[in-house]
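The annotation signal peptide is assigned in Swiss-Prot to 1-21. The Cu(2+) binding site annotation in Swiss-Prot covers H22, H104, Y190. Residues or ranges marked as disulfide bond by Swiss-Prot: C64-C193, C395-C412, C403-C418, C411-C425, C429-C436. Annotation source Swiss-Prot lists N-linked glycosylation site at N67, N79, N120, N138, N252, N307. Feature annotation from Swiss-Prot assigns O2 binding site to H178, Q188. The feature domain 'Chitin-binding type-1' is assigned by Swiss-Prot to 392-437, with sequence analysis given as support.
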Amino acid sequence: MNLSLFTLALVACYSSQLAAAHTVFTTLFVNDVSQGDGTCVRMPSDPSTATFPINDLDSDSMACGFNGTRGVERVCAVNQTAKLSFLFREYADASQQGAIDPNHKGPCAVYMKRVASAINDTAVGSGWFKIWDEGYDNSTQKWCTEKLIQNNGYLSINIPSDLAGGYYLARPELLALHQADKNPPNPQFYTGCAQIYLDSAETAIPKDTVNIPGYVNIHSPSVLYNIWNPPPTPYTMAGPAPYQPGISSISNTTGSKAAKFSAYTAQQNEGLLPQDAAITNANWWGVEVASYTTEAGCWDASSDCWNQTTVCYDCAPPTGDKGCREWEAHCTAIQKGCEGGSFTGPPVIVKTEGAMTMAMTATIAPAAEQTGGVYAASSTVVSVGSLGVSEDGKCGDGNGQTCKGSLLGECCSQVGYCGSSESYCGVGCQGNFGVCG
């Protein structure tokens, strides 16, 4: 296996990305916990253009960004009224700091769309409703994007309290107006989508929805506003007014269509991380190879491991490939064992410092106001009794950490990771290191 092929291809991709950076939504935080770079996020697949703006306001890219009609394999679970934070980066892989160029001034908004499948829905078309927006703040004399820069790229909102449970696409949007005064005008949109499952017993469905693309066009005043020579009239946000719980909604408990929609989203059944996932990178996960005690078994395991490595690199998003490189190191160890006559394995996976394993980093941000806003994040570590409360997603005998009290879920799975779904809390759950059942 010539590993340099992976390295050369990635260097070429990331070098081209550095040439022209704007911004891209890379990471979803749920209640201040990072779900991992690229995890549950629809984002552009080409690193060289991932941060480029959407200039065609009539294109399907307006829904969830470039390549946004294709879903990813993971869906992140969120609870009722959860705080969602969307991280924007000027460089998708965080190779350099920055959220967006200070010159790119303009408004922000967050939309949601209830869907039958967060993975399979194309996102294009009707059903989108706005839950928050902010344009120019007269009190601070700053545009929303300027606040975003001040807060290291974090934009945070609370999910409306009465939204019906089920699958949703959550869509943060930035609009840069620095070239809106040109001829022809060049408003620049930056957006992406997070695939989420809302665990809620509430029943409200917003009735005031719009089409994306379609809610705004090149003739809309909101995209032609001259920020360098502002008119006397205040800026008007694009799209509908934000949804207000209990006011602009209907119940989903009436009507055959609503009843059917409610029935098959009563419990999350797609996009879950398998219990046997050993390492993740964005929406990919590696499954440990079968145990072996013979030379043939060793080489079979090596082949399986390298095949998974190829898939990981092939589907790695512009946010990077840290988990792939960690998995690659595991495959190298297996291969060297086979070559050296060590036919018992596989060896224990060695996780390198800072690798994107389980894609879960406990990161705490200041509490979000009910109307949303932009906030910076900081980290925290807590411990209880003789066991430390897990902040990296790992638990069990090997590391002395419990999931009890963890932001990542209170159940410790059979393979030693924290979570809250049946895969973590059911068969094999380690009761000594968390809650089961």
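Glycine is treated like the rest: Cβ placed from N, Cα and C.
Where Swiss-Prot records a feature, it is marked here on the structure.
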residue : record                      : Cβ contacts under 8 Å, 6 or more apart
C64     : disulfide bond              : R42, A123, L169, R171, T191, G192, C193
N79     : N-linked glycosylation site : N31, L198, D199, S200
H104    : Cu(2+) binding site         : H22, T23, T145, L174, A176, H178, Q188
Y190    : Cu(2+) binding site         : H22, T23, V24, F25, T51, P53, I54, G65, F88, I100, E173, L174, L175, A176
| remark: Of the recorded positions N67, N138, N307, C411, C412, C429, within 10 Å of C403 (disulfide bond) (CA to CA), in sequence order, we find C411, C412
| said: Tell me the Cα distance separating N138 (N-linked glycosylation site) from C411 (disulfide bond), rounded to the nearest angstrom. | reply: 47
| query | How many other Cβ atoms are found within 10 Å of the Cβ atom of H22 (Cu(2+) binding site), counting all protein chains shown? | reply | 19
| query | Among the recorded positions N67, N120, N138, N307, C395, C436, whose Cα is within 10 A of the Cα of C425 (disulfide bond)? | reply | C436
| remark: With the fewest other Cβ atoms within 10 Å, the residue among the glycosylation sites N138, N307 is N138
| remark: Closest by Cα to N138 (N-linked glycosylation site), out of the recorded positions N67, N120, N307, C412, C429, is N67
| If you measure C429 (disulfide bond) to N307 (N-linked glycosylation site) at Cα, how many Å is it? | 30
| Quick one: what's DSSP say for C395 (disulfide bond), helix, strand or coil? | coil
